[in-house]
Amino acid sequence: MATKLESFKVVEKLGVEKGEKGKMMSKKKNVKKDGDESESGFWFRFKFIFSCISSRSKVDSSMNATAVIAEPKKVIEKLEGHPAPTKDTGCAESGSSTPLMSGELKYSSKLRIFMFNDLKLATRNFRPESLLGEGGFGCVFKGWIEENGTAPVKPGTGLTVAVKTLNPDGLQGHKEWLAEINFLGNLVHPSLVKLVGYCMEEDQRLLVYEFMPRGSLENHLFRRTLPLPWSVRMKIALGAAKGLAFLHEEAEKPVIYRDFKTSNILLDGEYNAKLSDFGLAKDAPDEKKSHVSTRVMGTYGYAAPEYVMTGHLTTKSDVYSFGVVLLEILTGRRSVDKSRPNGEQNLVEWVRPHLLDKKRFYRLLDPRLEGHYSIKGAQKATQVAAQCLNRDSKARPKMSEVVEALKPLPNLKDFASSSSSFQTMQPVAKNGVRTQGGGFVSRNGPPMRSLSSLNLPQASPYRYARQSPKPKGKEP
């Protein structure tokens with residue numbers, strides 16, 4: 001778990017994630033932009049705590065069993081000239097307060113029902129030291145409970161969990177909370193994060209998950225100093241593909257995930273990938289229908305173009321999103337990065353002309369790998385990405401086909417760094433020094449780093465690591 005000081009440095013450095021969410025709402029304007037570190041960590045924390053406490057004070061304390069829902073932050077920017085349909089056929093989004101009725105929750109014998117005070121004790125009173133991070137739903141705290149019960153236990157014993165609290169003024173709300181329970185509470189697979197249980201007490205809404213010690217894929221790809229080794233990247237891609245394949249083809253009732261991205265792929269201690277955050281998930285159409293019509297929701301840069309333009313949602317929309325994430329894994333670049341030169345800001349459009357070029361594909365690969373990747377594996381992975389990103393949704397493969405294509409890749413050992421043909425493929429700079437992965441290297445530069453998969457740092461499993469107010473409740 002990231003330390004408190006490290007967590008706040010991450011927030012100060014990153015601020016609003018560039019290009020990932022499309023247009024951010026005005027309430028985010030106080031968050032620092034990338035690279036702006038003019039404020040001290042103490043002043044940043046003070047401002048954040050004060051603003052969160054102020055927002056909570058606005059909530060009517062007389063509310064009972066009502067979730068205050070803010071405008072969702074996951075609304076996709078509508079393409080100019082192609083407005084999304086206004087008709088909504090039951091998408092999982094929030095636009096107004098929704099009364100909670102017990103009938104809205106699907107019964108699941110797999111879930112534990114927690115008391116608020118038990119979770120308060122399990123997280124050590126939601127103290128800052130237990131904070132893992134914050135997302136659109138609210139703040140997430142580390143806690144410890146009984147292995148097979150709901151009572152809190154001493155830190156370091158029992159079952160380690162991640163407790164997600166609903167922020168009444170947050171960017172996701174009641175419908176997302178329900179969707180998370182109704183989907184994850186009834187879906188069990190090694191590639192899905194396990195939902196342990198939930199708390200629904202007065203106006204408190206909390207979710208309890210298994211703890212994922214390695215954090216998110218996003219954190220490892222874009223925020224860590226050491227790069228993920230090639231074999232680990234392929235292992236993660238395969239695991240995430242298995243999760244989508246289960247949702248689309250193996251679940252009793254097929255599910256469209258709708259929010260597949262690197263921040264929603266969490267990693268356990270062995271770097272096994274698991275999908276999290278089912279707040280935007282929807283039931284897939286039955287055999288009589290070709291698609292689900294819904295308002296466009298998701299994250300800019302990952303959504304399939306036909307979905308953004310028409311609002312028609314299918315399992316092939318998830319396949320496109322997988323192709324984007326696979327590109328991020330291969331290149332080490334974000335799906336949208338406004339800090340890059342024109343022509344390179346949109347990852348898909350930048351790589352599309354080169355995906356099937358066997359003589360130039362290596363230029364797309366993350367230069368931090370320094371040639372430590374399988375040549376055959378990289379060629380196959382780029383081919384799979386190209387198929388998933390096909391503009392014709394019907395031509396995209398099923399996720400089960402993607403799984404079969406990726407299965408051999410983590411174990412291939414034909415590393416480019418030991419290939420003489422790879423060395424001759426590298427472009428030569430003006431000073432006569434060959435480059436790797438499209439970047440220049442020094443003649444007397446340091447030797448290649450060891451990319452062991454066993455010594456990478458752990459990370460918080462949630463997007464933002466910020467100090468946060470405690471959920472409302474009486475002191476014990």
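Just so it is clear, glycine is given a Cβ too, placed from its N, Cα and C backbone atoms.
Every protein chain considered, the tally of other Cβ atoms within 10 Å of the Cβ of Asp259 (active site, proton acceptor) stands at 23. Annotated active site, proton acceptor per Swiss-Prot: Asp259, in sequence order, evidence recorded as sequence analysis.
What Swiss-Prot records for Leu132, Gly133, Glu134, Gly135, Gly136, Phe137, Gly138, Cys139, Val140, Lys164 is ATP binding site, and it gives sequence analysis as the kind of evidence. All protein chains shown were included, and the count of other CB atoms within 10 Å of the CB of Glu134 (ATP binding site) stands at 25. In this structure, Glu134 (ATP binding site) is part of a beta strand by DSSP.
Annotation comment: Swiss-Prot describes 126-412 as domain 'Protein kinase'.
Secondary structure at Tyr209 (phosphotyrosine), as computed by DSSP, is strand. Contacts of Tyr209 (phosphotyrosine) defined by a Cβ separation under 8 A and a same-chain sequence distance of 6+ are given as Val161, Ala162, Val163, Lys164, Val193, Lys194, Leu195, Val196, Ser276, in order along the sequence. What Swiss-Prot records for Tyr209 (among others) is phosphotyrosine, and it gives similarity to another entry as the kind of evidence.
Annotation source Swiss-Prot lists phosphoserine at Ser263 (among others). In the three-state DSSP assignment, the secondary structure recorded for Ser263 (phosphoserine) is helix.
The feature phosphoserine is assigned by Swiss-Prot to Ser293 (among others), with similarity to another entry given as support.
Packing around Thr294 (phosphothreonine) is summarised by its Cβ count: 23 other Cβ atoms lie within 10 angstroms of its Cβ, all protein chains included. What Swiss-Prot lists as phosphothreonine is Thr294 (among others), and the listing cites similarity to another entry.
The feature phosphothreonine is assigned by Swiss-Prot to Thr299 (among others), with similarity to another entry given as support. Look at Thr299 (phosphothreonine): DSSP puts it in coil.
According to Swiss-Prot, the phosphotyrosine annotation covers Tyr307 (among others), on the basis of similarity to another entry. Secondary structure at Tyr307 (phosphotyrosine), taken from DSSP and collapsed to helix, strand or coil, is helix.
The region 'Disordered' annotation in Swiss-Prot covers 431-476.
Secondary structure from DSSP puts Thr294 (phosphothreonine) in coil. Closest to Val140 (ATP binding site) by Cα-Cα distance, out of the recorded positions Asp259, Ser263, Thr294, Thr299, Tyr307, is Ser263.
Nearest by CA distance to Leu132 (ATP binding site), out of the modified residues Thr294, Thr299, Tyr307, is Thr299. Between the alpha carbons (Cα) of Thr294 (phosphothreonine) and Tyr307 (phosphotyrosine) lies a span of roughly 9 Å.
With all protein chains in the displayed structure included, the most crowded Cβ environment within 10 Å among the modified residues Ser263, Thr299 is that of Thr299.
In the structure as shown, the Cβ atom of Val140 (ATP binding site) sits within 10 Å of 26 other Cβ atoms. Packing around Gly138 (ATP binding site) is summarised by its Cβ count: 23 other Cβ atoms lie within 10 angstroms of its Cβ, all protein chains included.
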